[in-house]
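**Q** Annotations per Swiss-Prot:
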type	residues	note
SITE	ARG14	site 'Transition state stabilizer'
SITE	LYS21	site 'Transition state stabilizer'
SITE	ARG152	site 'Positions MEP for the nucleophilic attack'
SITE	LYS208	site 'Positions MEP for the nucleophilic attack'
Amino acid sequence: MVSAIVVAGGKGKRMGTVQSKQYLSLNGKPILYYTIKSFLDCKLVDNIILVVPSHEIDYCEKEILEKNSLKVNKIVAGGDERYDSVYNGLIEAKGSDIVLIHDGVRPFVSKETIENAIKYSEEYGAAAPGVMPKDTIKIIDDNRFSIDTPNRSHLISVQTPQAFKFDLIYDCHKKIKNENVNITDDTMVAEYFGNKVYIYPGEYTNIKITTPEDLIIGEYLVNR
């Protein structure tokens with residue numbers, strides 16, 4: 001069984017909005033609508049688990065799912081940190097062979113990217129899409145002076161869905177709760193315990209909508 005965990009616990013801080021960014025409108029539909037529909041449209045995904053803040057569960061059921069005729073298998077309350085939310089989703093995904101973990105504000109993930117996540121995680125145990133940065137990347141010191149320029153050919157901007165054999169990522173998430181480490185995504189959780197993650201080619205259109213500028217790009221993409 002293949003399960004997709006859609007993590008939709010983001011706030012509107014960088015977006016500058018009161019409303020959580022996953023509920024902002026793109027062409028008359030909430031961002032989260034497009035994200036969920038992407039997984040519903042992929043026949044290889046058997047199970048969809050939506051993780052949202054506990055106080056938003058009722059809103060999400062009525063305003064996102066019911067109003068837009070969407071169905072998920074389970075809505076789960078998130079935790080204080082992102083990895084807590086993912087772990088809550090993983091508990092509901094027990095029995096899965098493969099689990100995909102996806103940002104709720106990446107609405108333009110393609111069917112091909114989802115299918116490749118499944119394929120490569122089955123082969124390698126852990127996989128994620130990524131794209132090469134278009135800009136030169138600098139490492140700066142605390143005073144914002146450039147101190148190094150990494151070789152761009154070895155740099156990747158990692159996206160989601162990040163896919164894993166279930167037992168691998170579940171065991172890692174159970175253990176990471178006892179570690180004092182700053183975790184920003186699930187590939188880091190896997191890598192922290194010595195697992196290799198295969199990075200396959202992603203798509204530049206698979207953007208994470210975080211800022212007002214992203215919303216403008218999103219409006220263009222949804223109307224292509």
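Using N, Cα and C of the backbone, Cβ positions are placed for all residues, glycine too.
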**Q** I'd like the Cβ neighbour count for LYS208 (site 'Positions MEP for the nucleophilic attack'), meaning other Cβ atoms within 10 Å of its Cβ, all protein chains included.
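**A** For LYS208 (site 'Positions MEP for the nucleophilic attack'), the 10 Å Cβ neighbour count is 17.
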**Q** Take the C-alpha atoms of LYS21 (site 'Transition state stabilizer') and LYS208 (site 'Positions MEP for the nucleophilic attack') and report the distance between them in angstrom, rounded.
**A** 11
**Q** Can you tell me whether DSSP puts LYS208 (site 'Positions MEP for the nucleophilic attack') in helix, strand or coil?
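**A** Assignment for LYS208 (site 'Positions MEP for the nucleophilic attack') reads coil.
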**Q** If I take the alpha carbons of ARG152 (site 'Positions MEP for the nucleophilic attack') and LYS208 (site 'Positions MEP for the nucleophilic attack'), what is the distance between them in whole Å?
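**A** LYS208 (site 'Positions MEP for the nucleophilic attack') has its Cα 21 Å from the Cα of ARG152 (site 'Positions MEP for the nucleophilic attack').
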**Q** Looking only at Cβ atoms, how many others are within 10 Å of the one on ARG152 (site 'Positions MEP for the nucleophilic attack')?
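**A** Its Cβ shell of radius 10 Å holds 13 other Cβ atoms.
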**Q** Mind giving me a neighbour count for LYS21 (site 'Transition state stabilizer')? Other Cβ atoms within 10 Å of its Cβ, every protein chain shown.
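**A** So the Cβ neighbour count for LYS21 (site 'Transition state stabilizer') comes to 25.
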